[in-house]
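Okay, so here's the structure we're looking at.
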Amino acid sequence: MAGDRAEEEEGEAPPPEARAAAAVERVAAAVEAVAAGAGAGAGEYRNAYRRQLLALSRRIRLLGPFVEELRERRRGEGEGEEEERALAPLADALEAALALLRLGREGSRISLVLERDSVMKKFQGVILQLEQALCDIPYNELDISDEVREQVELVHAQLKRAKERIDMPDDEFYNDLLSVYDKNYDPSAELAILGRLSEKLHLMTITDLTQESLALHEMVASGGGQDPGEHIERMSMLLKKIKDFVQTQNPDMGPPMASRVLDSNGDSRPITIPDEFRCPISLELMKDPVIVSTGQTYERACIEKWIASGHHTCPTTQQKMSTSALTPNYVLRSLISQWCETNGMEPPKRSTQPNKPTPACSSSERANIDALLSKLCSPDTEEQRSAAAELRLLAKRNANNRICIAEAGAIPLLLSLLSSSDLRTQEHAVTALLNLSIHEDNKASIISSGAVPSIVHVLKNGSMEARENAAATLFSLSVIDEYKVTIGGMGAIPALVVLLGEGSQRGKKDAAAALFNLCIYQGNKGRAIRAGLVPLIMGLVTNPTGALMDEAMAILSILSSHPEGKAAIGAAEPVPVLVEMIGSGTPRNRENAAAVMLHLCSGEHHLVHLARAQECGIMVPLRELALNGTDRGKRKAVQLLERMSRFLVQQQEEQESQSQASAQVPPQATPEQVPENDIPEQLDSPASQYPMVV
């Protein structure tokens, strides 16, 4: 029996060459997983350790050729014991590194900073483990080429240096986060602290905030549905403070199609979505609200994804869900529809169900579209022009046409016509793209086709109508947060600023709308300021006709949150016109003017702006705004009143101090005024005894 067991155990042990091959596959799998993560984009590491994570990822990816040579190596019978002994520690180290990189990509950004000591120990441990594993590799026995060996040795040298100096997040950042986490900070400094945190944590967009919220939910779920405890509750509180701050600074941050409507004049105006209409997971307006077994309501797509990920607890309450059944919340859906109609918005459409496919084009319609696309490829300019014009009209007509035209492959063909020497063809093509971009799915197709440089080319060089429609196309595309980055990085902003200065009234409006959307992204604000946007905007604000006043004030409010923008606005002597706007503007312009003033009075030259505001009589309109303004306007007015009050108290104290100092200094007689033998003995002699100096 014992002999049988020994034979069985010997049979289970794989030969050395098999173990070596398994170790190679572990190493390869880890390196490939890191490379796949890097393919998702460097922006995935949007946290305080971005630089360290990118460096670690880059060094591991440099091991790719080493892995390829290991895989190609042939092993003879009995070989592999030393190879397995050398590669097993490397596989362990790479798997630990992969886990750390995943934490950096998917973990809570707030938690990563609060746990910085633990995180830095993980970095040190992984780097030390990798450095030691690479040091012990027997290159000669593994038959590695000299070129690959040099590359691996380079990685080893980099890790050796990195082991000796691993930078931690700066102390100010950590202390800011800790002070809000512990609720131990000066309330007057709260806005400045939250501003620094939102920027350094990369929590500036609705996408970032949603991702962080999901990461915190994941931390709770990984605890087995138990009480999340004070630590996670306090992090959730901290995230809510940052979210409130970011939405206060950029009230139009949310999904633009849900948070901006057109007024009776056709102008775009922002609108705040009530919290009870937002999904607790995505923070977006719910299209298809459903109730889970705990009584909480979520957007159907979000909660289905949560459940499909293996979670069995309610994201909000952390109670275990007794069933995964979802009940439509018809009452809330009706309330959302009524609210949308009251505010001039189109009620949100529920996602199309798989068993209810979107109606396709009829065969005759598809044949017509295909014929037009063939003409777009024609060498005859006249045929190209007429086909582009007809597609432009078809895309304008209805949503179904937009879907069919895009599915037929029109987008790349229209893009090729943006460089046409025929200005009318170019104009029809860019306008057709504008009409196609109205459909949400087409936005992604246009961007992924590399459209932005071609659209910017038209914006710079086309006819005035083509330039205006190019600006409108960029506005349509820029409602998606990720596309703001793409468009801003490809030279669109300076061209939009030029159009804002020299276009027709419609062109200026389209340029202003696009610039507003793009400047919601913090990285684009500096580009716009350096392109000369602030002087143009100040010109619109002071224009006696009031044309584009709403757009100008909205853009000014966004730019004032940027240090360069604050400086440029401050240099334009804005205080008198802002005070006048606070007193007599429209409700939205009053709140934006107050927001700009608040930024100016928080900056480097705040005393100058506070003094100028006092001279212009800001207190009365501020008090009125604090009582009767919009919600955001009231908040800004109250904050400004507090700053003005502190400034006035400080001024009064300085004046009183100067008066007291003057009163304590006795009059000094000089030899020219009083002869030496006439100097009185008493210091309190009547002033009339002294000669008057004129």
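Note that Cβ sites are derived from N, Cα and C of the backbone, with glycine treated the same way.
In Swiss-Prot, the annotation region 'Disordered' applies to 1-21, one of the ranges 1-21, 295-315, 316-336, 421-441. Summed and averaged per residue, pLDDT over the repeat 'ARM 4' (521-561) gives 89.
For the repeat 'ARM 6' (603-650), DSSP puts the residue distribution at 40 helix, 0 strand, 8 coil. Note: the repeat 'ARM 3' (480-520) comprises 34 helix, 0 strand, 7 coil (DSSP; helix = H, G, I, strand = E, B).
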